[in-house]
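J.: Got a structure for you, questions after.
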């Protein structure tokens, strides 16, 4: 059922228009998050494997972060319009689907008797609610703010001529890792909720760019620096996990194993075990819609199955996971894809005007 091609890193395919094996990783990440939300709670987070060993949903999220670093900075190579074209592309890629998912979630929530204050709704429309210190309406939205921060980092690096420079990526990834470590220690010592996840995610994103320089460009310096980063990462993650989450039993090991597994899976699936299975690639293509839409189905499932037996919840949860796929495809087909194409037309027209 699954076709896996074992390959070594190579520079023979430096500029493919689409990396299908990366899409397959996106697909794995997306379905991991969905399964974690629908099915893992049935077994209870008190079960040893989920409370002490690893967090399936977090693995999916970390994979998404590394993939963003692997892909986004290199989109500047294809942009003729520079920063302005990049922002146009990202706006039409992210916001229409995001706004639809927010509207859908609000409609479903109100139908189920849940309400949100207007200031929270307006803040969430911007996607900058975290910066505004307003709570996310949908739990998964927290990762999108980190994406936006990464975009601004890429733009600044591009303007300074540092984007895609392997040494800059390496130093930046280490600096962010050190910041995460410092915030983790301060979080424990000062008992303050410092945002450890932000610099940690940005560090992984910068590593993603470094890894691509090795994998697709055949840059041996990038390979050496990526190896150094992984060595530091392996040493730092347990410390960050201990100081950030170690107050809860088993959380230090759980977060450490989760971040280790995420890195291992990403490296394996971009080198020796590239997956080209058409279904997984397709799932990766619609992964953004999967990520955004499944919470609306999830709250319906949780609302009506709260008092059901575990077996019934497992069966209905499995149906919920399956229903997420066609629902997400429809959103991708009729909202996300047309928006992306519109963004391309706007960008193309902008470039033509600039050339005249």
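Every residue gets a Cβ built from N, Cα and C, even glycine.
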J.: Do you know which of 121-137, 257-273 TrEMBL annotates as transmembrane segment?
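T.: Among 121-137, 257-273, the range TrEMBL annotates as transmembrane segment is 257-273.
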J.: Can you tell me which recorded stretch out of 56-76, 97-118, 194-214, 257-273, 313-335 has the most Cβ pairs within less than 8 Å of the transmembrane segment (280-301)?
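T.: It is 313-335, which has the most Cβ pairs under 8 Å.
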